[in-house]
Amino acid sequence: MAKTKGASKKQQNRGIDFKKIKRKIGRKLPPPKNTTNTEIKSKAIVLPEQSVVSEKAGLALSKKGLTLKELLQHTSHHNAKVRKDALMGMKDLFLKHPEEIKLHRYAVIEKLRERISDDDKTVRENLYQLLKSVILPGCKEDNQGPVISLMMAYIFNAMTHLAIDIRLMAFKFFDLAVEYHPPLFFSYAEKILQNYEDILQKNQFYLEDRGKLKNVLAGLVRCLLLLPSSKEVNLLAKNVPEQKILQAFEHDVPTVFAEYSVIIKKLKNLVPVLVNCFQDFLPVIHDSLDAQSFDCMLNILRSLDHAVKFFIHGVQQGHPEPPPVDQSFSSVLLKKLLVVFPLSPMHHLSEKDDDRYVILNIAITEIFMHLSEWICPPAVLFEKFLTFVEYVLVEKSCSNVRSGKAVREKQISTLIPFIPKLVSRVIGNWKNRLLQAFTKTFQDCSPESSVKLACLAAIEEIIISQEDLLCTDVNDLGQFDYKITLVRELPKLLVLLGNRHPSSSKVVLHLLLRLGQRSLLYDDMQGLLKEFYSTDQDKGNICYGPFLRLARDSQELSICCLYYLSQLDSTLLKSIASCCLCQELDPFMLFRIIEVLHSTYKAGHIQISDHINFLITLASRYKVCPENIFPATDRDKKTSNHATFKSLTSVVCSCLSQMGDNSLVFVILEKVILEQISLKPPLDNSCAMLRILIALDSKPTRLSEQSICTLSNVLSAYLT
């Protein structure tokens, strides 16, 4: 049915409820009719103090004005950036207020340890840097054991995380914890070695990110480095079984045998994993050895070396006889590691790259040397290592390139400790070849180098510890000549060192002292030792050696060395007397020299005439400096040594009276003293010599008439 026109018209005229206003684009809208006017017209506005500001008054704040409590709360924020900013804010706060670390260290660690397994890499890195650079150094003065132990459960939890990055970072955290608290490793040795074994077996990241692997291996090296050396194990083997293996062990650690057995068991499983890991890098060697691959391989070899040393010396703990080395353990090293020696590139490399190969070969050599103490290696393999040792000693020590001097010294110093054992083990021509290479290295290296110190320790073991110097076979005259050469180099080294390197001089003097106690070759060094004390020059001038400028303990050592000379030469005594007359010599050392030389005389190592001449020389030529009571300037002030000279005269009289019958000594001294008095020395020296005569004379006097006349003429000259 259609609508009518009247109805439609009525519908159009109906009113509109909501009128739509058309707005032009860009025009500002008028304010609504119900808008409240917020404008305030006032001359001043006074606001009450805010409660937030009052709560933070006196508290340590970060750059952004956050307290430590607020920063700790932000570390649990869902946003990674907020968590990272909170860690950076804590670093800023702790640097400005170091006392906050000690006050709240436990609360801080309890909160921050949750971020060890954080999903965000930057958060974990910032946490690591915060612990390394601020928190742990700030707690260094306190006992860090309780602080670090709070993190261990979270670190081990991160080591089993599904994400490989979090697992690798966990080892980095553990390495940091061991760095600041080494006993931690022994408390968790079994668990941590198992985790290292697990992560190294996951070799999917070897070639992808070697930097992370390097960090893991560096941490393993740090842990294994804490294991006791052979000397410590041998010392502990003499102790009662109830004692602990190390001072680093906690009180709740089981007995020594249980700890050794646990660590050894884990190392047996870890060594094959390390060897396989090393083999995965072998293809890289033949092409180009980059820095990260080199660091990884070197850390693997160092870990193996520490494991071998601990295994070999640890299995004998508690056993009267050392058991044989585990066959599976040694066979893995022989068949998979030592057979690849020496590592060499396929093409010519630069000197820097060549040094890397030498360092790796030296690391393998160390493993072989330690392992060869318990197994008998194949002769062909032993020959390879001997050739390499000779090459390093001869070729590397002769290199003239200055840039790699420190590297070469480190390379040579690593192998030198093995020389004494090699010399005692090898047969045939190799003895002379090794001694020749070692002697050349000792002669060519600089006096202050680390190589020289390593050589001194080896010389002591070669010549003294082996106790074969006095029973050398006729067929070993070549070895005897090399040993003589080494001994004669020691006095020259003392002169070259001078007083610039007192620690090195002290090592040389210790060696000389031990040589004097054990070796007949010691007497051949008297002529060379004169330069160490003093030498005469033209026109009566004296050139003093390094002796006067060394520390007292080194001077003491050098004087004690004189006792062991079988016959002290008069020229050496003259050189020592010149030092005694020098005003720079400490009075204590002056009397110490007289004491040692008098003991040497009693032992029959100094002739009576030489000893008397030495004592009279001191009494007649010691220069006495009287005190200047009225100095014009500070330079004119002199320290009087009159009391020292008086004590010296008493000591000389005492020594002369102990030399034998006083009447016989007086007969020898009478002519010598009168000759010295006739030269009209200073009054103090003349009085000293008269005092010596009186001390040895008797009543009635033993002086001859001629001596009395000589004395009267000399004494009258002093009175006029």
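Note that Cβ sites are derived from N, Cα and C of the backbone, with glycine treated the same way.
These come from TrEMBL:
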COMPBIAS  1-12  compositional bias 'Basic residues'
DOMAIN    146-204  domain 'Pre-rRNA-processing protein Ipi1 N-terminal'
DOMAIN    487-617  domain 'TEX10-like TPR repeats'
REGION    1-37  region 'Disordered'
* Structure fact -> Across the domain 'TEX10-like TPR repeats' (487-617), DSSP labelling yields 97 helix, 6 strand, 28 coil
* Asked: If you average the pLDDT over the domain 'TEX10-like TPR repeats' (487-617), what number do you get?
  -> 85
* **the domain 'Pre-rRNA-processing protein Ipi1 N-terminal' (146-204): DSSP-derived helix, strand, coil residue counts** => 50 helix, 0 strand, 9 coil
